[in-house]
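A.B. asks: After the C-alpha cells below, expect a handful of questions from me.
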Amino acid sequence: MSTVKDVWVFAEKTEALAELCAGGHELGEKVSALVIGPRSKAEQAIRLGAEKVYWLGEEDSARMMEDYLVTIADLLVNERPNLLLIGATKRGKLMAGRLAARMGTSVLTDVMEFVAGDQGLQSKRMVYGGAAIRTEQSHSPLVIATPGSGIFSALSEDTGCQGVIEEVSFQEPDRKVKCLEKRPKGSVSVNLAAAKRVISVGRGLANQEDLKMIEELAKLIGAEIGCSRPIAEGVNWLPRETYIGVSGVMFKPELYIAVGISGQVQHMVGCNQARTIFAINKDKAAPVFSQSDYGIVGDLYKVIPVLIEKIKTGK
C-alpha cells in the first residue's frame, strides 16, 4: 500500500523510530526522520530506512521537547510533507496536538491500522473503551498521526542504506515550557512493546508474593511480565508501565500468556494482535478463551507449578 508521497517520522526512542520508519515505507514513497540527540542517532535513522534526516541537534537539558515546536513547524511549512507519524507516547501525543494546532490540521490518534480509502489514507482506532472501531480520515494537506505501538514491524538496521543528514538550527519559541521540578521515577527494566513473549497476570492472582511463581515461569521461557489494569492501578503490585489494555500498552508479541485474566475487551484490545494467545483461567466461560488459540481451564495455583515442572524436566 503506497498512497502517500512524502512521510516524516518523529519518535523519542529508537525502538519506536524503527517501527515508524517501517510504517513510513509501508505507507509512502519517501521517508524522512526528525531526530533530536547525538549525530549517531541521526546516522542510525538512515540505517533504519530514512532517506533524509533532519537533525535538530544534541539533546539539551535546558530544553523540553515542546521547545522544538517552532523549529519543527517551520520545517513542515517549508518542506510540506504529506504525513507525519509521531510515536504515541504521552509527550508524542502532546507534540502532535500542538503541531496540529499550529499547522491548522487535525491528529489521528492511537491508530491501530491504516487503510487506503477511495479518497486517501484512512485510519482505524478503538473507541468506547475498545467496544467499537472508528474509521477516520483527515482531509488536510498535512496529516499528523500517532500510531499505536506494534502496528508496524520494526525494521532492522541496514548498513547498506544511504541517506542525507541535514542539520537544522534550533529556533527559540516565544513561550517556553519551564520545568519546575523533577522527581525520580521507579526504575522499570521492561519494554513490553519490544517483547517477543509476555506473561500477563490478572486478579486471579490472590497475593503479591505469588508473583514469584510467575517470575519463575517467565524466566524459564524468556518472557516479560505484564498485567491487567487492576494489578497496576488497583493493588499496585506491578508498575503502571506493565499494564496492558486500551489505555495502557498495546502490542503484538509472538506469544501472550494470560494468567487469571477474565479477558474483558478493554484488556484484550491491547494484546489481541499477538501471534499466539494462551489463556489459563478457572472459569470456562471467561471471555479470554474466545480470543485464545490455546487454553487451560483450571486453577492457576495448580496449573503454573505443573508447567514450571514440565518445562524444567523437558516433558
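In case you wondered, yes, glycine gets a Cβ from its N, Cα and C as well.
Relevant sequence annotations retrieved from TrEMBL are reproduced here:
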type	residues	note
BINDING	Arg203, Ser228, Arg229, Gly260, Ile261, Ser262, Gly263, Gln264, Val265, Gln266, His267, Asn281	FAD binding site
DOMAIN	7-183	domain 'Electron transfer flavoprotein alpha/beta-subunit N-terminal'
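Buried or exposed, and what's around them? Tell me for each listed feature.
C.D. replies: In sequence order, Ser228, Pro230, Ile231, Gly234, Gly260, Ile261, Ser262 make up the list of same-chain residues 6 or more apart from Arg203 (FAD binding site) whose Cβ falls under 8 Å from its Cβ. According to DSSP, Arg203 (FAD binding site) is assigned to coil rather than to any helix or strand.
Model confidence over the domain 'Electron transfer flavoprotein alpha/beta-subunit N-terminal' (7-183) is summarised by a mean pLDDT of 90.
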A.B. asks: Counting across all protein chains shown, how many other Cβ atoms sit within 10 Å of the Cβ of Val265 (FAD binding site)?
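C.D. replies: Its Cβ shell of radius 10 Å holds 17 other Cβ atoms.
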A.B. asks: Taking the Cβ of each of the binding-site residues and counting other Cβ atoms inside 10 Å, which one has the highest number: Arg229, Ile261, Gly263, His267?
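C.D. replies: Going through Arg229, Ile261, Gly263, His267 one by one, the largest Cβ count within 10 Å is at Ile261.
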A.B. asks: For the FAD binding site, please report the maximum Cα-Cα distance among Arg203, Ser228, Arg229, Gly260, Ile261, Ser262, Gly263, Gln264, Val265, Gln266, His267, Asn281 in Å.
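C.D. replies: Pairwise Cα check on Arg203, Ser228, Arg229, Gly260, Ile261, Ser262, Gly263, Gln264, Val265, Gln266, His267, Asn281 gives a maximum of 18 Å.
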